[in-house]
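According to TrEMBL, the protein has these features:
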{"type": "MOD_RES", "residues": "B:Thr233", "note": "FMN phosphoryl threonine"}
{"type": "TRANSMEM", "residues": "B:57-74", "note": "transmembrane segment"}
{"type": "TRANSMEM", "residues": "B:106-131", "note": "transmembrane segment"}
{"type": "TRANSMEM", "residues": "B:138-154", "note": "transmembrane segment"}
{"type": "TRANSMEM", "residues": "B:185-203", "note": "transmembrane segment"}
{"type": "TRANSMEM", "residues": "B:275-302", "note": "transmembrane segment"}
{"type": "TRANSMEM", "residues": "B:337-355", "note": "transmembrane segment"}
{"type": "TRANSMEM", "residues": "B:367-385", "note": "transmembrane segment"}
{"type": "TRANSMEM", "residues": "B:391-411", "note": "transmembrane segment"}
Amino acid sequence: MSKAVRLKKGLDIKLFGEADQVKVEAKKPTMVALKPSDFHGLIPKVILKEGEEVKRGEVVFYDKYNKDLKFVSPVTGTISEILRGEKRRILEVRISASSTDEAVHVNPIDPSSISREEVKSTMLANGLWPFIKQRPLDKIADPSVTPKAIFISSFDSAPLAPDYDFILHGQDQFFQHGLNALAKLTDGKVNITLNGKGSPDECFVNAKNVVINKIVGKHPAGNVGTQIHHFDPIDKGEFVFTVNPQDVVTIGKFFAEGSYDPTRYVALTGSETEGRKYYKTIIGANVESIVKGNLTNDNVRVISGNALTGEAIGEKGFLGFYDAQITVLPEGDDYKFFLTDGWLAPGFDKYSSHRLFPTWLMPNKKYRLDTNLNGEERGFVVTGEMEKVLPFDILPMQLIKAIMVNDIDAMEQLGIYEIAPEDFALCEYVCTSKIAIQEKIREGLDVIEEECM
Amino acid sequence: MKALKKVIQNLDPKFEKGGKWEKMYPLYETLSTFLFTPKHVTQKGSHIRDGVDLKRTMFMVVLAMIPALLFGIYNTGHWHYELQSYLNPEQYGAYSDYLTGFGDKVVYGLFQVLPLVIVSYGVGLAIEFIFGFVRGHGLHEGFLVSGMLIPLTMPADVPLWMVGVATAFAVVIGKEVFGGTGMNIVNIALTARAFLFFAYPTAMSGDKVWKSGTTDVIAENGGTLPDGASGATALGDLASFVGDSPVVSGEVLAGGSTSAELIQKFEGAYDPLHAIIGMIPGSVGETSVIAILLGAALLLYTGVASWRIILSFFAGGLAFGLLMNLVGANAYMDIPAYYHLIIGGFAFGAVFMATDPVTASQTQYGKLWYGFLGGGLAVLIRVLNPAYPEGVMLSILFMNIMAPLIDHYVVQANISRRQKRFKTA
């Protein structure tokens, strides 16, 4: 059953600033936030008002279009602010944590012993369902569909990504419990993909009730999208659910202990930080508790997630719901003289997939890359560059053009059901014309959702 | 440097929307972004970006053309003095040797070729700026390459006003009406060349334009070229093989000559080694295969040009050349196939024209077909339709039009392959 794949395409962007494999306790955050923007397309209905008290695991808001889909508080505290943006859209529900910790408790259940519907309703009611995302569309899974498979990637191949083997070490029991719960949701199998290079942690290797596949290659080998494409591709009308390994533990823990435990190990990474370690904190935590005092530079961008797909949140922002990594990069908002560090410079400090830069001469060098666009947006000119970093049997430029001209038939035929914006992050990185490709992919998925789903 | 940076920093707001000199923004943007990569940071999606941009990519192409340009300058000078050596044997007799009179030839070539470059860039950039002003953006880098390609594809004697008109036509009709850099359907520089070829054929073909100063020599010599002199190119001579009075290098041969005799004469006049080095008359930048391959090496090494296109273009030319040999209906068909690759604009077209990523096929497999058919068609046009001695230009233009069709089939193959996965699963 298990399969192994070796990828030829892809790109490992070697950034400086990996986290040391040390786990430390972060300062307890005084403020946490739930950000509806972490869940694409979600319109939240908040049921608590500012000033009301909330317990850990208590519902804060639910999905306007699916009342069963609940989002719960990761801490005990008070709703301090509901931050709204344009058109009164809710950006953040901020909860100030109190010193006490009181959780909503239910009776522990063995997920193997209950029905699919019971697993589903337990997860929906207790804020666990949002951990499950679906392909196509790359958003919270639709509880009404039955996926043909569930995919869990045991590793992240993005730049400076956290090491899940390290994070999950010793969590075998909860992880397995989570897998048992997930196995109930599909008629097919739960698939775990291991990194074919290196030695994966026992919690992955010894997992039961699953299919274990192996993949070897450069980023995006660790993306579930890449893995699904190679092991069990999605046709129109099919669904695959995906879950991050750390979230499987959270799900397992809930079933085992009966309460919501939002504990999260987060890797502090990036060239502009000190104290790069794995911090134990909670979902939605104010990153100030981790980042403060660890920055080596004033002009930085603090990103929840990795450098390719994360969200800029600022030094006082909040950790994203799905993120296990904080990346701090130098902001690139300065002019670069063309001969010394601009477009005609030798470019020893630039990481490029093109041989126009000497990157390829120094395969082991680690780079301190800033956020400069390194050019200006242009029409598509260069061809063939994206194909080199996209390990899919998908024609990237043709698909992107189909999205640009809103050709739904072509989008379907060219494979839009199989992809997520994160799978095209490298295409965006290498694009000579500096086109915002992940945004385009998202636009395409939105059209598909509206017209075809 | 810091002072300059400060100047830019202070000027920036004045040209932005609402600033004092807002209207001059396109010009300012072009100049300032040439000097400094702007302080734009990533807004959405990936926070870090590859160091490469279109400026660096296009600059590399211009750099790759420099060997061809330099050789073209010298070659222009040489053939000018070669004709003079017939007219004034006492003064210039020794100049018929390729390397004698090096300085004179360089100086003459410079005065002949640089004006072409200046006019091409001047006219083209001016038009690009006008469109930039209308559309509110600075110069997009595409024309930096076209501006150099245009003079290299012209005979050195072409009147400057014609270069200007052709450039204007190519930039406006070939490119800007489609939306600018990256949007055009056919190659800009070839559009310019084809425009002149059909609008002013006497300036672009025949046997009076390839050696600089031919018309002056004819006038001085009383209406004809001096004995033994020729103004034709290798391709022109080959085209004459199909007609009743074949000519090789000015010498009219008997109508009844056999193929073998003609080819022997031809090989004597155009030694393959000379053709590879580029010591033959022709358009400014097209003659030296070595100079062109130097550029090709740079483009392939940096990955700017597609090896698929270049390789398959040469392969296509050779394959169709051999096919013609098999048919062998006339002397032109019988010439050794490799000759096609080293005379005329074949190598130049393969390396610098066919590889234009905007107008070539965009799929990896498509590029192979595109190149192969392009090279093959160039030979077909040359041999089967001697009214157009230079088949490469027309063949690449034709393939530009065909590229989307080739891509269409590659995309369809991808679609059906992708669908098959589900049927077998």
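Every residue, even glycine, has its Cβ placed from backbone N, Cα and C.
Just so you know, TrEMBL annotations never went through curation; they're auto-generated.
Counted over residue pairs separated by six or more positions, the transmembrane segment (B:185-203) shares at least 3 Cβ pairs under 8 angstroms with the transmembrane segment (B:138-154), which defines the two as touching. Here the transmembrane segment (B:337-355) has Cβ contacts under 8 Å with residues 61, 64-65, 68, 149, 152-153, 187, 189-190, 233-235, 238, 270, 272, 275-276, 280, 282-283, 285-286, 289, 292-293, 295-296, 299, 305-306, 309-310, 313-314, 317-318, 320-322, 324-325, 370-371, 374-375, 378-379, 382, 389-393, 395-396, 399 of the same chain, all six or more residues outside its ends. Distant neighbours of the transmembrane segment (B:57-74): 102, 105-106, 109-110, 112-114, 117, 141-142, 144-145, 148-149, 151-152, 156, 278, 283-288, 290-292, 294-296, 298-299, 302, 304-305, 348, 351-352; these residues of the same chain sit at least 6 beyond its ends, with a Cβ under 8 Å from one of its Cβ atoms. For the transmembrane segment (B:391-411), the residues of the chain that approach it from at least six positions outside its boundaries are 153, 185-187, 190-191, 193-194, 197, 344-346, 348-349, 353-354, 359-363, 365-366, 369-370, 373-375, 377-383, 385, judged by C-beta separation under 8 angstroms. Annotation note: the residue listed as 'FMN phosphoryl threonine' sits in a coil segment as assigned by DSSP.
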